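S.K.: Here it is: the structure, laid out below.
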Amino acid sequence: MTPTCTSHVVLVLPRLIYVVILILLFSLLNLWKWFPRETASAPSGAKSTFWSFNFHMCFMILAWTVFATEGVLAYATWERSSFICGQPTRHSRVKVIHASLNFICAVMTAMGLLAIFQNHAVKEIPPLYSAHSWLGIITASLTFIAALAGTVFFLLAKKLGISKDVRARVAPWHRLVGLLAYFLGLATCSLGIQEKQGFITCASGAYCLSKTLLTILVILVYALGACVAYVLSKEDRVTAGQLERETDIFEDAQEYGNLLPT
C-alpha cells in the first residue's frame, strides 16, 4: 500500500499522547523527589536501603505506554506506511524492530516487578493484595509467553527446524496474546495509577497537584489505548498475504546474516 499523509496524521496522535504522558510522569517524579532512598530498620537496629516505589511506576509506564505501543504500531503499520511521509519499511526490518521494542518492554516489566516485590518485602506489605497486582502478574505472564513464542517460532524458527505450516498456525495466536497483553497492560497501569492516587494525602483537602496530574494520566492512558485500537482497526493486518510473509521472514538470509546468531 502506498503511504499517504492522512495515515501519518492518524499515527501521530498516539505518539503525542505518550509524549504528554511522559511529561506528566516526569513532572510527578520531580514533585516526589524522583527516586528517594527508602530505608527500613531491622530488629537489630540496622537500616537497609531498598528500591523506591517510584522505580516500579516509572518502569511500568515507560514499558507499556512507550515501548509496547511502538512495538504494536511497528508491526501493524510500518510496513504499509513510514512514520514520516515516505517509503514504508521492509517487512523483514519491521520484524526486527517489533521484536526489539517488545524485548525492551519485557525487560522493563521484569525490572518493575522486581522493584515492587523488593519494596513490599522490606516494608512487610503483603504481595498480590489488589486487583492491580493480580492483573499485573497476568499481564507479565502473557508478555513473557508472547515473547517466548515470538523467539521460538519466528526469530529462531529456521534454526530449530520449525516448518512454515506451524509458523502460519502460530502467527495469529501470537498476535492475539500480544494484543491481550498490550491492552491489559494499559488497563493495569491505569489501575496502579489510581491506587497510587489513593495513597496520597493532600494538605489542602481532597485536591492537590499530584492527584490532579494522576487523574489526567489515567485518562491519557485510556486515550492512548483507544487510539492504538483505532489504528489497528484501520490497518487490519491479518491477511493471508501477511501471514505468508510472516512465515517467509527467514528466507532473506542475506539481510539477517549479520543480525542473528549463527
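A Cβ is built for glycine as well, from the same backbone N, Cα and C atoms used for every other residue.
Values in this document were obtained by computation on a predicted structure and should not be read as measured data.
Below, the features straight out of TrEMBL:
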type: TRANSMEM; residues: 12-32; note: transmembrane segment
type: DOMAIN; residues: 17-233; note: domain 'Cytochrome b561'
type: TRANSMEM; residues: 52-75; note: transmembrane segment
type: TRANSMEM; residues: 96-117; note: transmembrane segment
type: TRANSMEM; residues: 137-156; note: transmembrane segment
type: TRANSMEM; residues: 176-193; note: transmembrane segment
type: TRANSMEM; residues: 213-232; note: transmembrane segment
S.K.: Which one of these stretches, 52-75, 137-156, 176-193, has the most C-beta pairs shorter than 8 Å to the transmembrane segment (12-32)?
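M.R.: Ranked by Cβ pairs under 8 Å, first place goes to 52-75.
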S.K.: Can you work out the mean pLDDT of the predicted model over the domain 'Cytochrome b561' (17-233)?
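M.R.: Mean pLDDT across the domain 'Cytochrome b561' (17-233) comes out at 84.
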